[in-house]
Amino acid sequence: MTYNPRDHYFRKAKQENFAARSVFKLEEIDQKFKMFKPGQVVLDLGASPGSWSQYASKMAGEKGRVLGVDLSPVTVKLKNAVFIQADLRDLNLEDIFKEHGFVPPFDIVMSDMAPKTTGIRMTDQARSMELCELALDVARRFLKKDGHFVCKLFHSDDFGKLRDEMKKTFAKVEAVKPDSTRKISKEIFLVGLSKK
């Protein structure tokens with residue numbers, strides 16, 4: 001099967017006015033685990049181009065809020081969302097929350113962060129793992145009790161270690177490869193449900 005950048009999910013995203021096809025990965029995960037509810041406050045790490053924030057914004061509704069952080073700009077406009085263009089590692093999150101009127105803890109912390117790929121599998125996997133560990137650290141600090149966490153990473157030999165690490169923080173941890181993920185992709189999503 002050849003790679004088609006304009007596949008069914010790409011076209012569907014355009015038809016439904018989502019910034020990217022990745023929205024359907026999050027939607028599938030949510031349909032499986034029922035994480036999103038009206039009125040939630042959501043932290044979106046690696047928010048660009050904005051499709052995960054669009055989904056979270058829609059599900060959280062007018063009483064909910066979304067804070068997105070990414071190195072790249074997010075151009076979608078959402079009434080209940082704020083976007084910060086910065087490297088997460090350089091931010092004092094407490095200051096950012098205060099500046100934009102967010103009061104942790106968050107109901108959901110989600111990360112679609114991905115490293116700039118080098119084409120060297122082990123390097124890309126290690127960088128992806130580092131980003132997921134960074135997101136997990138943020139979730140441990142700012143996610144409410146019983147809150148949920150979703151993180152994308154490239155599958156590697158260290159995958160099991162990260163899953164075990166998440167089990168210390170969450171009542172249930174699941175690994176998911178949504179149908180909307182390209183077949184050739186090494187992406188997998190770790191879902192942490194009900195923070196202890």
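Numbering starts at 1 and runs along the chain as displayed.
Any Cβ shown, glycine's included, is placed from N, Cα and C.
Database features, via Swiss-Prot:
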ACT_SITE  Lys152  active site, proton acceptor
BINDING   Gly50, Trp52, Asp70, Asp87, Asp112  S-adenosyl-L-methionine binding site
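Each residue contributes its Cα atom, and for Asp112 (S-adenosyl-L-methionine binding site) and the residue listed as 'active site, proton acceptor' these two points are 5 Å apart. The maximum pairwise C-alpha distance among Gly50, Trp52, Asp70, Asp87, Asp112, the residues recorded as binding S-adenosyl-L-methionine, is 18 Å. Asp70 (S-adenosyl-L-methionine binding site): 22 other CB atoms within 10 A of its CB, across all protein chains.
The Cβ neighbour count for Trp52 (S-adenosyl-L-methionine binding site), using a 10 Å radius over every protein chain in view, is 29. A simple way to gauge crowding: the CB of Lys152 (active site, proton acceptor) has 23 other CB atoms within 10 angstroms, across all the protein chains here.
For the pair Trp52 (S-adenosyl-L-methionine binding site) and Lys152 (active site, proton acceptor), the Cα-Cα distance reads 12 Å. According to DSSP, Trp52 (S-adenosyl-L-methionine binding site) is assigned to a helical segment.
The least crowded of the binding-site residues Asp87, Asp112, judged by other CB atoms within 10 A of its own CB, is Asp87. According to DSSP, Asp87 (S-adenosyl-L-methionine binding site) sits in a coil region rather than a helix or strand.
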